[in-house]
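Reading through the C-alpha cells given below for one structure.
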Amino acid sequence: MSSEHETTITMEQSSLEISTNDIHLNVQVDNQLRVMSNHVTSPSDSIFDEINLPISVDVSIPSRRELIQVQLEALLNNPEQSSSSSSYIHEANIISLENLSKKLNTPHFIVERILNILGFLSLNEDVLSISQYNVIRLTQILNSTTDVRILLFFMILDINNDNHISKIEMNDFFKLYFQNLSFNTHNLEEAIETFLKRFHFDTQNEINFEEFYSIIIEDETILRIFSLFSIRSTRSLLPEIKSHENFIHQYFPRFYSYIALLNVHQMTLVYNYLQDNIPQIILFIIYFLINLALSLYVIIFRSTILKNNVCIIFARVCGMLLNLNCSLILILTLKQTILIIRSKRFLRYWIPVDIHIDFHKFIGRFISILAIIHTIAHMINFGYVQEYSWSILMFTTTPHIGWVGGFATLSGIILSIVLAIIIIFSMNWVRRKGYFQIFYWSHRFYLIFFVFLIIHAENSWKWIIGPFIWFSLEKIYSNIKRYSTHTGRTYLNCVTIEQSNVISLNIHKPKNFIFKPGDYIKINMPQIAPYEFHPFTISNAPEDNSLRLHIQINGNWTKKVYERYKNMSDNDDISETHIRIYRADLNPKRACIEERSYENTIENEINTTTMNDLNNLSLKKEIIIIDGPYSSCARYIFDCEHAILIAGGIGVTPYASILSSLMAQFRASRMNCSHCQNTIHSKKILLDNYRLRKVDFIWISRDHKSFEWFFKLLYEFEKEQDIYLKSHPTEKRFLTVHLYLTELKIDKNIGHHPLQLITEVWTQVTGHDIFTGLKSKTHIGRPEWDKVFNQFYLEHNSSMINNVGIFFCGPTTMNKTIQTMCNRYRFNFYKENF
Ligand SMILES: Cc1cc2nc3c(=O)[nH]c(=O)nc-3n(C[C@H](O)[C@H](O)[C@H](O)COP(=O)(O)OP(=O)(O)OC[C@H]3O[C@@H](n4cnc5c(N)ncnc54)[C@H](O)[C@@H]3O)c2cc1C
C-alpha cells in the first residue's frame, strides 16, 4: 500500500493476530486500537500493510511512534509466543551482559542500552545479566519489523529519554561506538559529520522520532541497513549443546577427520583433484615404478644369484633406493633449470616444477626412512658374521668393507650423523620458529653428505655425479652473478617506513638485471648480517628503473632492518650514509610525494651518469647483494584469460608487481590524438602480447592501514582504467579490486550496523571508500569464499574454466581453504607461500 489511510478498529475484548515473516503477533486491546496503514514502501516490512479488518473512520491520528510502540509492546507482552518456540529454555538460566555483548559482537554499551529500554536487565550475584527467556524475546523483537528496529535505534540514541535525539547524543554515540571497536581512520570524524548531515544536524540541533523515521524511510541506503538491524539467531547466543559429532571432534580429532574424509563430498573433491593434476600423478607413478623396479631387481639378483640373507637384501634394496633418491633430491634444487622450465608453457605443464619444494621434502623424509632401515639391516647382519666381532665390524676398517680403504661402516656412521643433523634441523619447529639460520647452515652439510656417500658405496658416484656437476655449475653461475656489479652487487637508493610494521627498500637496479613480474630475489645486507640471504618478492614493475621490496617484520633479521632505518630517521642520523628515509607511517601522502620527486632525481642521475660514477657513488651508499631473480608461479598469470589474484597481508607483493607492470602497459599505450585532443590507447601495446583479458584482485588484510602500502598503485590503476574505459566505452573493466578488512569482524548482528551506516553514507557522498580512499569498496570481515568462487564460476561456462587461474600468496591457513574451493569449482590453483 502506498497511500495513507486512517483507520480505526473498534474491538471489544478483541484479539488481533498479525503475522509477519517469522513472528506471530497477538495484540490484546481492551478498548480501542487505532491502526493507520503505513505508507512505507518495501523493503520496510510494516505489519500494518497486512491488516484487513472492518474499518470505521475516526478523526484522531496516532503518531507514528505510538503505533510502533504498540507493536513493540505487543511483542513484549507475548509470553506464550516466546516460550512455545523455545521449549528447551529454562527461565532460571541466565547469561551475563558481558557474555551477551561478546556473542553479539556488539559494544557493551549498546547491548546494555537495549536491554535497559526493554527492561530485560537484572542483577544476579552482582553481575548484570539477562535470562535466557529474555534472550529469546530480544531476538524476536529484533527480528520483527523494520519499524520496531528504527524505534529501538532511536531510543538507543535518545540517551536522556526526552523523545528527541540531539546532535551531541548522536555524535557521542558514534564516537563511543568506534572507540569500543578500537577502530580509527583519518577521516572518521568527517564521516560521522557527513552522516549527521543526513539527519539535518547541520541546520538543527535535535530531531524527534517522526523526522528521524521519515529521513530513514526516504533514504534507500539507510533504510536497507535498518532492515538488517537484527540478531542472527537465538541459538548462537545460548550455551552450545554438545552434539554427538562435537563430542567425537573434541576427543577423537584424528578419527573425526578420517570419518570426515570419507564422506561423499570429500570423495568428490579427491576425485576432482586427481582429474586436475594428471601430470603430477603421472610423475608420481613413474617415480614409484622406478623405485619398485630397482627394488625388484636387487631382490631378485641378491636372492637368486648372490644368495644373500634377508638382512643384506633389505640393506641393499634401501642402498639402491638411497642412490636414486639422493640424486633426485639434488635435481629438485636446480633453481636456474626450474626458471627455464617455468618460462616454457609446454614444459611446465608436463614437468610439475611448482611442487619441487614439496617433492624435495617428501624425498628427504623417504631418504631418512631408507637410511634407518639400511643401517639397522646391516647392524643385524653384522651379528651373524662369524669372522669378526660386531664392534670391529662397526667401528674399524679392519674387515675392509667398502671400496675406499674399508671405510664403509665408518663412513656409514658419519653419514647417519650428518643426515640426522640435516633432518632434525629442517623440521618445522626449527625453520618456522625463529631458527631459520640453524636450518640453513645445517643444510649446508649436504656437501659432507655427498662426499661421504661417494666414499661409502661403490656405485653411488655413478648416480650422484651428473646432478652434482649440474648443481655445482648452477651454484658457480649464481655466485658470479651475485657479486657482479652488473647483476647483483648494488646499493640502496632510499627507504620508506610504511604503515603496519613494513619497510620498503628502493634498490638501485643493476644494469643487466632482468626480471619478470612476480619474481623474487634473495638479498644480503652486510650491515645487518654479513652472511644471511633472505628472499623477498620484487613488488614493482620490470619497467621501473629501480627494484622495490616490501619487507614485513617477521623475525630477527627483518626486525633489525626495520629498526635500523627507523632509528636512523628518528635520530636524524642519515648524513653519513646518504640514505633518504621517508615516513609513510607518519604521513603517507607526504612520503609518497617526496619519494616520487626523489625517484625522478635519481632517474635523471642515472641518465646522465656513467657506470664508473655510479660505482663511486655506491661507495657512499649502503651495499646490497642480490641473488636472483628466481621465478614463482605468478609468472603464469599472463597465460590465463582471467586471473584471480588472492593475497593475504604481505602476500600482496607479487601481485603488486604484476599490477604495476599492467599499469605501465596502460600508460605506454596511452596517446593523445593530435586532431581531437582525446586520449586514445594503442591496442598494439596494450595486452597484445598476452592472453590476459580480466584480472580480479582480492586482498585480505587484517589492518586497514596496510592498504596504504600500495594505495598509490591501486589509485592510479583505477584512474588509468577510468581514462581507458572512457575512450573505449564498449570494453569491459579489466581490473576489479576486492579489498577485505578482517580487523573488524562482520556478522549479521546489531553491532555491525552503526559502522555500515557511517561507511556507506560516506561512500555515497564522496564516491570513495572510507578505509582506502579508493572507488572500490572495502568489505568488512573475511570473504565468504563459497559465494566468491560461485560468482566467478557463474561468469564462465564449464569449457572456459581452464582459462581461469587462481593465484594465491599468503598464510598457509588461508591456502587450504582456497585450495579446497579451487578443487570444488575446478579452477587451476597456483600458490606461493612466504
Ligand atoms: C619466495 C619468498 C618470497 C618472499 N617475499 C616476501 C615479501 O615480499 N615480503 C615479506 O615481508 N616477506 C617475504 N618473504 C618472507 C621473508 O623471506 C621472511 O619473512 C624473512 O626471511 C624472515 O626472516 P627473519 O630472520 O626476520 O625471520 P625468522 O624468524 O628467521 O623467520 C620467519 C619465517 O621466515 C622464514 N625465513 C627466514 N629466513 C628465511 C630465508 N633466508 N629463506 C626463506 N625463508 C626464510 C622462516 O622459515 C620462518 O617461517 C618471502 C619468502 C619467500 C620464501
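Keep in mind that glycine also has a Cβ here, set from the backbone N, Cα and C atoms.
Fair warning: this is a prediction, and the values are worked out from it, not measured in the lab.
If you check TrEMBL, you get these features:
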type     : residues : note
DOMAIN   : 145-180  : domain 'EF-hand'
TRANSMEM : 255-274  : transmembrane segment
TRANSMEM : 281-301  : transmembrane segment
TRANSMEM : 313-341  : transmembrane segment
TRANSMEM : 362-380  : transmembrane segment
TRANSMEM : 400-426  : transmembrane segment
TRANSMEM : 438-457  : transmembrane segment
DOMAIN   : 479-595  : domain 'FAD-binding FR-type'
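Long-range contacts of the transmembrane segment (281-301) within the same chain, counting only residues at least 6 positions beyond its ends with a Cβ under 8 Å from a Cβ of the stretch, are 274, 313, 316-317, 320-321, 324, 328, 351-352. Cβ atoms under 8 Å from those of the transmembrane segment (362-380) belong to residues 311-312, 314-315, 318-319, 321-322, 325-326, 328-329, 332, 394, 409, 412, 415-416, 419, 422-423, 426 of the same chain, restricted to positions at least 6 beyond its ends. Within the chain, the transmembrane segment (400-426) has long-range Cβ neighbours (under 8 A, six or more residues past its boundaries) at 364, 367-368, 371, 375, 378, 393-394, 435, 438-439, 442-443, 445-446, 448-449, 452-453, 455-458.
Within its own chain, the domain 'EF-hand' (145-180) is flanked in space by residues 20, 38, 40, 43-47, 65, 67-69, 71-72, 75, 107-110, 113-114, 117, 188, 192, 195-196, 199, 201, 205-209, 212-213, 216, 223, 226-227, 229-230, 754-755, 758, which lie at least six positions past its ends and keep a Cβ under 8 Å from the stretch. Note on the domain 'EF-hand' (145-180): DSSP counts are 26 helix, 3 strand, 7 coil.
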